[in-house]
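Now, the feature entries from TrEMBL:
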ACT_SITE  LYS106  active site, proton donor
BINDING   LYS70, LYS94, SER362  substrate binding site
BINDING   THR190, ASN221  NAD(+) binding site
SITE      ASP146  site 'Important for catalysis'
Amino acid sequence: MSEHTNAFTMAQKQFDRVADLLGLDQQVREILRFPLREYHLRLPVQMDDGSIRVFQGYRVQHNDARGPAKGGIRFHPGETADTVRALAMWMTWKCAVADIPLGGGKGGIVVDPATLSMDEKERLCRAYVRSIWRNIGPRQDVPAPDVGTNAQMMGWMMDEYSTITGQYTPGVITGKPVGGGGSLGRREATGYGVIYTVRETMKHLKIDPTKTTAAIQGFGNVAQFAAEGFIKQLGGKVICVSYWDREDRASYTVCKDDGIDLDFLVSITDQYGSINKDQAVSAGYTIEAGDEWIAKEVDVLIPAALEGQVNGESVKKIHSRVKILAEGANGPTTPEADEVLKARGIFVIPDFLCNAGGVTTSYFEGVQNDMNFYWTKTEVLEKLDDKMTQAYASVYDMSKAQDVYMRDAAYMVAIDKVVKAMELRGWL
Ligand code: GLU
């Protein structure tokens, strides 16, 4: 990522813009522009062949005025201290907008998880917890899955923490497997949450969802359930998804003009979201370049991969038909691209509102862990829909009341809540 799309610079720029609009005190900015705490970890792990490999890990706690820090752990070869800082900061805003009593944190390990065996992955997960366990916990900082991590890994981390502390502590981490302290609906939550916000947007824009089409970037957990929601809940068509092909080390867009068959595509996709393109071609799909998803003639674009994907260059390719950009990913749009989207009148559902369904259901998971009593999937998803719909309304109403862009409105709602909590605690 180039300097002008450095994720942390981007997150600070977005914040500064709204801090100016709000006339925020200098001392408040001093606190919120940087994480309160960050940990840099060196993690020696034994590989299957007996050798030792040392991994670089991070955990960043941006702000915990509203409650314990909260946010995922990414396993990604391109992870840096700055990406984790940005993601931790966005988590602070996400929890505030979703109105859940948690702060913002994020973790990361510089690794491509697809290069590790199952046993190596388990040893790396346990090494991470052995290194950070004093600084995480149900009342301190609660990690979760993100890009490159999954429920099984959360299960191992919870086990390591419980073993070290000598107490079964499911609430130390969320996104655990169902039956192992996890919540029903957590797997679907981020993708479905994206769709609840798209549904609310379509109501405001008076768009009939059954007549709409979408293009999705990514085919991991968020993208797959956003696609399912778009097709089954809204009745629209998804005409392409893009993915990272591990064998070719390149990304591709897999297209079908009359709509993808989601179950089929999922059936030919591995656990890292890599689609078997030969099988896709045999089934009548066309394969295009990885960045073609953004140029499609559709009503809705859903970036659901990594940060910085809708940037000064790629934004120019967006088709005139596009009405909604629903940010399933964290930080997919650069400030430069934001200006273009604004000028073109494309309705943006900002990331920390759009993808808040995951952390909201993580919060529900923590609540269930504390109660030691578990809800049905229907109960979880109904509560999620309520929370997302309320969060959406608070941002939409702010954007109308202040006549500002949706991203700025989301920042206004979030910053206000965080500043209030800091005041109430006597930090200011
Ligand atoms: N990694 C997800 C996110 O970026 C979920 C975080 C969580 O559940 O704590 O929102």
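Placement of Cβ uses the backbone N, Cα and C atoms for every residue, glycine included.
In TrEMBL, annotation is done automatically, which means it is predicted and not curated.
Model, not experiment: these values are computed from the prediction.
Here is what falls inside 10 Å of the CA of ASP146 (site 'Important for catalysis') among the binding-site residues LYS70, LYS94, ASN221, SER362: ASN221. Ligand 1 lies under 6 Å from the Cβ of the following recorded positions, listed in sequence order from LYS70, LYS106, ASP146, ASN221, SER362: LYS70, ASP146, SER362. Ranked by Cα separation from ASN221 (NAD(+) binding site), the recorded positions LYS70, LYS94, LYS106, SER362 are led by SER362. If you take the Cα of LYS106 (active site, proton donor) and the Cα of LYS94 (substrate binding site), they are about 12 angstrom apart, rounded to a whole number. In the three-state DSSP scheme, LYS70 (substrate binding site) falls into the strand class. Distance between Cα atoms for SER362 (substrate binding site) and THR190 (NAD(+) binding site): 10 Å, as a whole number.
A straight line from the CA of LYS70 (substrate binding site) to the CA of THR190 (NAD(+) binding site) spans 15 Å. Counted within 10 Å of its Cβ, the other Cβ atoms near LYS70 (substrate binding site) come to 29, all protein chains included. Across the residues annotated as binding substrate (LYS70, LYS94, SER362), the widest Cα-Cα separation comes to 12 Å.
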